[in-house]
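Q: Straight out of TrEMBL:
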{"type": "DOMAIN", "residues": "40-289", "note": "domain 'G-protein coupled receptors family 1 profile'"}
{"type": "TRANSMEM", "residues": "25-47", "note": "transmembrane segment"}
{"type": "TRANSMEM", "residues": "59-78", "note": "transmembrane segment"}
{"type": "TRANSMEM", "residues": "90-119", "note": "transmembrane segment"}
{"type": "TRANSMEM", "residues": "139-163", "note": "transmembrane segment"}
{"type": "TRANSMEM", "residues": "199-224", "note": "transmembrane segment"}
{"type": "TRANSMEM", "residues": "236-252", "note": "transmembrane segment"}
{"type": "TRANSMEM", "residues": "272-291", "note": "transmembrane segment"}
Amino acid sequence: ETGNHSCGTDFSLVGLFQYGHMDTFLFTVISILFAVALIGNITLVLLIRLDQRLHTPMYFLLSQLSIIDMMYISTTVPKMAANFLSDTKAISFLGCAVQAFVFLTLGGSEALLLGFMSYDRYIAICQPLHYPVLMSRKICCSMVAGAWSSSSINAFIHTVYVFQLPFCGSRMVNHFFCEVPSLLPLVCEDTSQYEYTVLVSGLVILLLPFLAILASYARVLVVVIQMGSGKGQSRAVSTCSSHLTVASLFYVTGLSTYTQPHSLHSPGRDKVVAVLYSIVTPVLNPFIYSLRNKEVMGALRRQMG
């Protein structure tokens, strides 16, 4: 029993499927998605850095999003892919804590950054004369620093609290990575009070930016429609809809995980939802924000000669 409560005891990750169905096939699929995400985000970061025409606040924020996405998917996928080919699926106590902290930090940073990016589009279209002042280099850097620092503090508090709780039983985490909600069922004491803290954090870091995005794009669409240009309207609607789709995928799935008490969680559903916000979103982001953008595609053509 003492060993079961020891902080030094390793955890074991069940993985995407508990009984190891299609491990080789899943390893191949996950590896391809991981490679696509890295290539897409690295290409976008390099284009923004190399092309002078992309040295604007919007693309600065977009490059930060790509950097976060590369780190975000790298936090979970390598260990997940390795476990497909391994029999042990073990992760050390420290490794689990570090993974949970980094994942929370990056997820929170992305949630806040997407909100700042929608604010940038709102200012550019609805208040273009004030754009150089309201979106100066200093303000952009402050936005990025604020996203990183606030999400890091939030992640640190949750990680320190959860990993000092007494864990008992088999230490079998029914997930493919160490995520705070998936660890709570292993705790020996009542965590209902702590779950209110998780709920508040989820509402602040996920719901508020999501509402800001919806409000910003609604205002942008109203302004564009009032301009009366049919081509401009269709382009704006197409762009906004694609951005809102990928943002909604991230926020809605994240909220479904971090705003429910663990008694209502279903491990199978949680893992599918986690795949959407931890793997699918970082794969889609660089393509949604680049392939539908003439400036980025123009920069790609220029760099390719």
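Every residue, even glycine, has its Cβ placed from backbone N, Cα and C.
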Q: Against the transmembrane segment (272-291), which of these stretches has the most C-beta pairs under 8 Å: 25-47, 139-163, 236-252?
A: 25-47
Q: For the transmembrane segment (139-163), give me same-chain residues lying six or more residues beyond its boundaries with a C-beta closer than 8 angstroms to one of its C-beta atoms, as numbers and ranges.
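A: Same-chain contacts beyond the ends: 7, 57, 60-61, 64, 93, 96-97, 100-109, 111-113, 116, 180, 183-184, 187, 194, 197-198, 201, 205.
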Q: Looking only at the domain 'G-protein coupled receptors family 1 profile' (40-289), what is the model's average confidence as pLDDT?
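A: The predicted confidence over the domain 'G-protein coupled receptors family 1 profile' (40-289), as a mean pLDDT, is 90.
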Q: Examine the transmembrane segment (90-119) against the transmembrane segment (199-224) and state whether at least 3 Cβ pairs sit under 8 A, considering only residue pairs 6 or more apart.
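A: Yes; at least 3 Cβ pairs under 8 Å.
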Q: Six or more residues beyond either end and a Cβ under 8 Å away: which residues meet both conditions relative to the transmembrane segment (25-47)?
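A: Non-local partners: 16-17, 54, 62-63, 66-67, 69-70, 73-74, 77-78, 80-81, 84-85, 279-280, 282-283, 285-287, 289-290, 296, 299-300, 303.
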